Amino acid sequence: MKIAPSILSADFANLERDIQVVEKGGADLLHVDVMDGHFVPNLTFGPSMVEAIRPVTSLPLDVHLMVSDPEMWIPAFAKAGADTMLVHVEATPHIHRAMQLIRSHQVKAGVVINPGTPVSLIEPILPIVDQVLVMTVNPGFGGQKFLPEMADKVADLAEMRAATGLDFKIEVDGGVSDQTIEVVAKAGADIAVAGSYVYQAADPAAQIATLKELA
Ligand code: DX5
Ligand code: ZN
């Protein structure tokens, strides 16, 4: 299982240090939570944050767009250095076009489903996505409680992937910890985002190692 620490729970005044700690500690990707105060009730970073982070790490940047009108932001985040861009199916009536737009910038395209959204809604676009992110909390904040029922969606996606021969990655985001990683690993997740579990500990590298051991 790959681990993607979320910088949402890092110390923003020491962001370079906090990125390097997880990079040295075995992180596989760096997850960047973009929130617009409209699609979700919180505000975080814009493309300039991705641009600032790009030169201080060689980890792939996994950019999670929790924004309305995601198409409007795709070119700017691509230019800033995103490696994967994740768009919520709930945020646009044109998810197929959004995936195409991301790929036209040579960036990996991911689709995200909220806890209230069924897997069936994204089934038609699975052939054109590189990643599917299953939210295991309602998006907007770090440190929320994992919703165990969401593991069924991961299992359904893993089954669909096996049945169709597609090769998208399955990612989970929200409430991942030493208490919850096993259930998502068993269900078939490939990537787990972890924010507070990694950063709200004295030794983030040890937290990553624990998640990898359990997964
Ligand atoms: C929530 C974000 C998550 C968040 C996860 O809206 O998408 O990426 O940082 O935080 P934890 O791991 O603390 O639940
Ligand atoms: Zn996220």
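Note that Cβ sites are derived from N, Cα and C of the backbone, with glycine treated the same way.
Record check: TrEMBL places His31, Asp33, His64 at the divalent metal cation site, and the matching candidate among Asp167, Asp173, Asp178, Asp190 is Asp173. Binding of substrate is annotated in TrEMBL for His64, Gly140, Phe141, Gly142, Gly143, Asp173, Gly174, Gly175, Gly195, Ser196; the matching candidate from Ser6, Ser104 at the same site is Ser6. The least crowded of the binding-site residues Gly140, Gly142, Gly175, judged by other CB atoms within 10 A of its own CB, is Gly140.
Of the residues the record lists as binding substrate, namely Ser6, His64, Gly140, Phe141, Gly142, Gly143, Asp173, Gly174, Gly175, Gly195, Ser196, the two whose Cα atoms sit farthest apart are 17 Å from each other.
In sequence order, Ala4, Ser6, Leu8, Val32, Asp62, Met66, Leu86, Leu133, Val193, Gly195 are the residues of the same chain, not among His31, Asp33, His64, Asp173, whose CB sits within 8 A of the CB centroid for the divalent metal cation site. In the three-state DSSP scheme, Gly140 (substrate binding site) falls into the coil class.
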